[in-house]
Amino acid sequence: MSSIKLIVGLANPGAEYAQTRHNAGAWYVDLLAERHNQSLKEESKFFGYTARLNLAGQDIRLLVPATFMNLSGKAVAAMASFYRILPEEILVAHDELDILPGMAKLKLGGGNGGHNGLKDIQNKLGNNPNFYRLRIGIGHPGDKSKVTGFVLGKPPASEQTLIDNAIDESIRCTEVLLNEGMTKAMNRLHAFKASA
């Protein structure tokens with residue numbers, strides 16, 4: 001069983017970004033809150049939108065930073081500091097170029113894969129990379145020069161369905177992570193592949 005006290009969904013703020021691939025982490029947190037009859041409310045001292053859930057018997061805070069993606073660490077560090085939450089008690093959900101739509105993967109620690117949100121969180125947590133990541137696959141445009149436009153673009157309906165299905169399975173696997181631990185959650189989530 002894993003002790004997670006804070007689940008963060010990365011995003012850019014504002015209506016123009018709400019449906020873009022870069023906001024996949026926030027889609028996951030929003031759905032997680034909704035499934036537990038909660039809604040995120042703005043809390044300025046944490047520079048984001050927050051909610052509180054009881055998940056698998058654990059008291060868990062949800063956070064979607066209201067800052068731009070590359071400043072996500074400000075919100076995460078503020079909440080972690082206030083509630084005395086350690087990096088290894090944090091799960092950060094984010095979009096992942098290196099995973100296809102319809103799939104998601106869990107990992108603990110590691111690099112940031114060039115993801116500016118992860119980079120800033122690691123820096124603001126005292127350069128500590130040892131937090132959990134939920135990597136939600138969005139696919140890759142195939143060319144490095146196209147990445148910015150791709151992550152800030154909206155997926156076509158067929159891809160959106162795949163991403164939504166992977167998020168749905170990720171929510172089920174979050175419960176597995178909390179109840180039965182990382183290995184069981186990884187085994188289940190990594191075997192999942194949504195079909196169109």
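Cβ atoms are placed via backbone N, Cα and C, with glycine included.
Record note: Swiss-Prot gives TYR17, PHE68, ASN70 as tRNA-binding, and the candidate from ASN37, ASN112, ASN116, ASN123 in that site is ASN116. According to its DSSP assignment, PHE68 (tRNA binding site) is coil. For the pair ASN12 (site 'Discriminates between blocked and unblocked aminoacyl-tRNA') and ASN116 (tRNA binding site), the C-alpha distance works out to 11 angstrom. Taken residue by residue with DSSP, HIS22 (active site, proton acceptor) is part of a helix. Each of the recorded positions ASN12, ASN70, ASN116 was assessed for Cβ neighbours inside 10 Å, and the highest tally belongs to ASN12.
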